[in-house]
Amino acid sequence: MRYQASPALAKAPRALLCIHGAGCSPAIFRVQLSKLRAALREDFEFVYVTAPFPSSAGPGILPVFADLGPYYSWFESSSGNNNNGPSVGERLAAVHDPIRRTIVDWQTQHPHIPIVGAIGFSEGALVTTLLLWQQQMGRLPWLPRMSVAMLICPWYQDEASQYMRNEVMENHDDDHDSKDTEWQEELVIRIPTLHLQGRDDFALAGSKMLVARHFSPREAQVLEFAGQHQFPNRPRDVLEVINRFRKLCVTVQTLE
């Protein structure tokens, strides 16, 4: 099976879609999120998707998770000639397939436990961002309405922003000058999000750029923690993550 969902004996009333990082797997992501899962076990089930492309282990995976392969990534490695490679839109089509299948599988097995939000890590956080944006643009009718999201140490490429800009400008019939403010606003995601940024993360600059370019300052909360490319480890940081995420969920009435 190329995708995984939570155990069959689901008890929580709602679920979160979990999108792992590059060179990772659902089994590894379960371990990475263990503290969060324990704290939210009464509130959420965690539904894991397996990325479509086999790959080598990602940053920080070895040697800790050497026994939890194989590893998968969301985008195929570049051949070095980007001009002849697939576009972002084409690559997203490959990304959508395992996500859609996982959602259908979950909805079939657990029709009374809706998926209401998402958690993405590293490359998976970039995938989550693109999913949120596409849904906001009225696309992806198969994707459950995402009310809240947590993005952990996002990996960012300007190519993703360029894809979004091109899509928006096409919707405005190339009338860029007269509608500059309007189409710029369409690049901004407007659901409550929590962005976790490790102060020593190699991807920190890109993480900051992603939230600045594509998330509403009124809806996005940024939490920096002492750490690298990982979910926070220190108990006080974990507690802060949990408290902030719960408050976001209450804001959108995902939690009472």
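A Cβ is built for glycine as well, from the same backbone N, Cα and C atoms used for every other residue.
What Swiss-Prot records for this protein:
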ACT_SITE  Ser122  active site, charge relay system
ACT_SITE  Asp201  active site, charge relay system
ACT_SITE  His229  active site, charge relay system
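Counting every protein chain shown, 23 other Cβ atoms lie within 10 Å of the Cβ of Asp201 (active site, charge relay system).
DSSP assigns Asp201 (active site, charge relay system) to coil, not to a helix or a strand.
A distance of 10 Å separates the Cα atom of Ser122 (active site, charge relay system) from that of Asp201 (active site, charge relay system).
Residues near His229 (active site, charge relay system) in space but far in sequence (CB under 8 A, at least 6 apart, same chain), listed by position: Pro59, Gly60, Ser122, Cys153, Gly198, Asp201, Phe202, Ala203. For Ser122 (active site, charge relay system), the count of additional Cβ atoms within 10 Å of its Cβ stands at 29 [all protein chains shown].
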